Structures are given as structure tokens and as C-alpha cells.
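Listed in Swiss-Prot for this protein:
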ACT_SITE  Asp144  active site, proton acceptor
BINDING   Val10, Gly11, Glu12, Gly13, Thr14, Tyr15, Gly16, Lys17, Val18, Lys33  ATP binding site
DOMAIN    4-303  domain 'Protein kinase'
MOD_RES   Tyr15  phosphotyrosine
MOD_RES   Thr178  phosphothreonine
Amino acid sequence: MEKYEKLEKVGEGTYGKVYKAMEKTTGKLVALKKTRLEMDEEGIPPTALREISLLQMLSQSIYIVRLLCVEHVIQSKDSTVSHSPKSNLYLVFEYLDTDLKKFIDSHRKGSNPRPLEASLVQRFMFQLFKGVAHCHSHGVLHRDLKPQNLLLDKDKGILKIADLGLSRAFTVPLKAYTHEIVTLWYRAPEVLLGSTHYSTAVDIWSVGCIFAEMIRRQALFPGDSEFQQLLHIFRLLGTPTEQQWPGVMALRDWHVYPKWEPQDLSRAVPSLSPEGIDLLTQMLKYNPAERISAKAALDHPYFDSLDKSQF
């Protein structure tokens with residue numbers, strides 16, 4: 001790791017510490033993710049190797065944060081502690097200095113609160129669908145999409161998906177290591193209800209929540225427990241029925257909930273165009289099989305006024 005000078009710790013990600021660093025020879029900024037992957041005598045677990053090769057392949061899309069290289073650091077052997085040297089994997093990513101959460105916050109708080117421009121939301125959504133469609137076409141679910149995981153290249157106006165593809169080998173814990181609870185606000189109802197057979201539709205639900213948040217500048221469903229999260233969803237969209245969502249009552253964590261009627265979604269996102277409301281409605285369907293796919297979303301009328309040739 002002599003190649004890099006660590007400048008500051010920028011986060012404690014779901015998978016380990018994240019540092020802003022500089023490549024000494026070029027002066028280029030990178031993000032170093034130190035993964036908590038204890039090696040054994042066998043070396044790097046094959047699951048991790050598969051994930052890394054997948055990540056390298058996926059990061060060929062400009063809408064996915066690029067994985068530049070992987071550094072395997074073996075720490076010097078300490079005979080008093082263990083018989084074999086410990087080693088760490090560092091994933092070296094391109095560095096981007098802001099994320100969608102910070103960007104939304106800057107429009108909500110501070111000296112100049114203002115809505116995000118409708119055309120900007122449209123551009124960000126198109127890029128997000130491009131990135132998600134790219135992942136899904138390779139059979140990869142993100143499973144933890146949220147504004148903090150969407151990094152922005154403000155100069156080029158590009159949105160990129162981060163923290164991707166590690167979700168299987170490194171299993172997403174319920175608590176990040178700073179003991180903040182991993183947010184439930186973007187989690188699909190089938191996951192909250194304990195379904196183990198989920199699909200690409202879980203990511204579409206998350207993208208729908210992110211879409212609404214860009215319009216509202218605050219979370220659509222800000223629950224602080226799995227139960228409260230479901231109640232937030234049911235109060236707005238109505239309590240799901242077996243007719244609407246076949247099999248919902250057989251899910252592991254289904255209980256008898258109060259029966260709420262669906263509200264008018266446009267009241268939750270009053271400044272969104274009718275086409276935008278239609279797209280959001282198709283993303284927040286209870287039955288995962290009925291949710292629009294990322295690929296189909298790219299052709300939705302909401303994007304008709306967008307010059308797609310630039311993407």
C-alpha cells in the first residue's frame with residue numbers, strides 16, 4: 001500500500017473503513033475500502049474472488065463506481081498473536097467527493113433551500129436506471145440502494161452506484177460498524193416481511209423511494225424499525241391484500257395489520273409530473289412481479305423529453 005497516501009477516513013462503510021487517498025506517482029485521488037475479510041491459510045475466500053471479478057466487470061458501466069484495482073496486504077507475522085500473518089484486501093475505487101444524500105440535504109438545509117430542478121431529477125433517474133439495468137442484466141442485485149450509495153460527479157453531472165456486488169460475499173449486516181442501524185427506509189416490503197426469495201424488484205422499490213426523496217427532499221417512508229417501516233408504507237399505499245399480492249399473507253413476518261385505504265400518491269410528491277407519478281406508481285407496486293423493470297423504465301414516457309443521446 002506504499003503506492004497510496006491516506007489523506008482522511010471518509011466513512012465506515014457497510015463492509016469496512018473507507019479512506020480518501022492519493023496515488024503518490026500520479027496525484028490521482030482514490031477511495032480505498034479496507035474490507036474486513038480475514039484470510040486463512042487458504043488465502044482469499046473464493047466467494048470474495050468471484051465478487052471482485054464481478055465488480056470489475058460491472059464497473060465497466062460509467063454509472064457504476066469504477067473498481068480500479070485490488071491490493072492484497074499481508075501484515076507482518078506476529079508470533080505472539082497467531083501462527084499465520086493476517087492479511088487485508090483493499091479495494092481501490094475512483095474517488096467522488098459527494099453523494100446524493102448530501103446533495104439533497106444541501107437543497108433542503110443551509111442558506112439557500114430550494115427544490116431539485118425537475119430536469120436534473122429526470123437525468124439522475126435515467127442514469128440510475130441505466131446502472132441498475134446493467135447490474136440486473138448480469139444477474140446482480142444491489143439490495144442496499146439508498147442516496148448515500150449514489151455518488152455524484154458534479155462536474156460531469158454523472159450519478160454512479162457504489163457499494164455494489166459485495167452484498168453476497170460480505171453479507172450486509174444489520175448494523176454498520178459505527179453502530180448506526182443500516183437504514184430500512186428504502187427496503188422493499190417483501191424483504192421487510194421476511195421473504196427469502198426476492199428478485200431484482202427489491203432494487204426497483206428502493207429506486208422508487210429515492211425518486212420520491214429527490215422530489216420531496218425528505219424520505220418517503222422514514223421508519224425506525226421494520227414494523228414501523230411497514231406501517232409507513234401501508235398508510236400511504238394501503239394495507240396489501242391477497243388479491244393485490246398473492247402469497248403476502250404466507251410470508252414469514254406477516255401479521256394482521258390495520259386495514260388502511262390507499263392514499264393519492266401525488267399528494268406525497270406534489271411537484272411531480274403526471275408521467276413521473278405513473279412511473280413511481282409502477283415502481284411501488286406491492287406485488288414484486290408487477291413492478292416495472294429497470295430496462296422497461298428507460299422507455300417510460302417520463303423520459304420522453306430527455307435527450308437520451310447524451311447517455
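The backbone N, Cα and C atoms fix where each Cβ goes, glycine too.
Features recorded in Swiss-Prot, as mapped to the structure shown.
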{"residue": "Val10", "record": "ATP binding site", "DSSP class": "strand"}
{"residue": "Gly16", "record": "ATP binding site", "DSSP class": "strand"}
{"residue": "Asp144", "record": "active site, proton acceptor", "DSSP class": "coil"}
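For Val18 (ATP binding site), the Cβ neighbour count at a 10 Å cut-off comes to 20, with all displayed protein chains included. Distance from the CA of Asp144 (active site, proton acceptor) to the CA of Glu12 (ATP binding site) is 15 Å. The CA atom of Gly16 (ATP binding site) is located 15 Å away from the CA atom of the residue listed as 'active site, proton acceptor'. Straight-line distance linking the Cα atoms of Val18 (ATP binding site) and Asp144 (active site, proton acceptor), rounded to a whole number, equals 17 Å. The two recorded residues, Val10 (ATP binding site) and Asp144 (active site, proton acceptor), show a Cα separation of 19 Å. Looking at Glu12, Asp144, the recorded positions in this record, the fewest other C-beta atoms within 10 angstroms of the C-beta turn up around Glu12.
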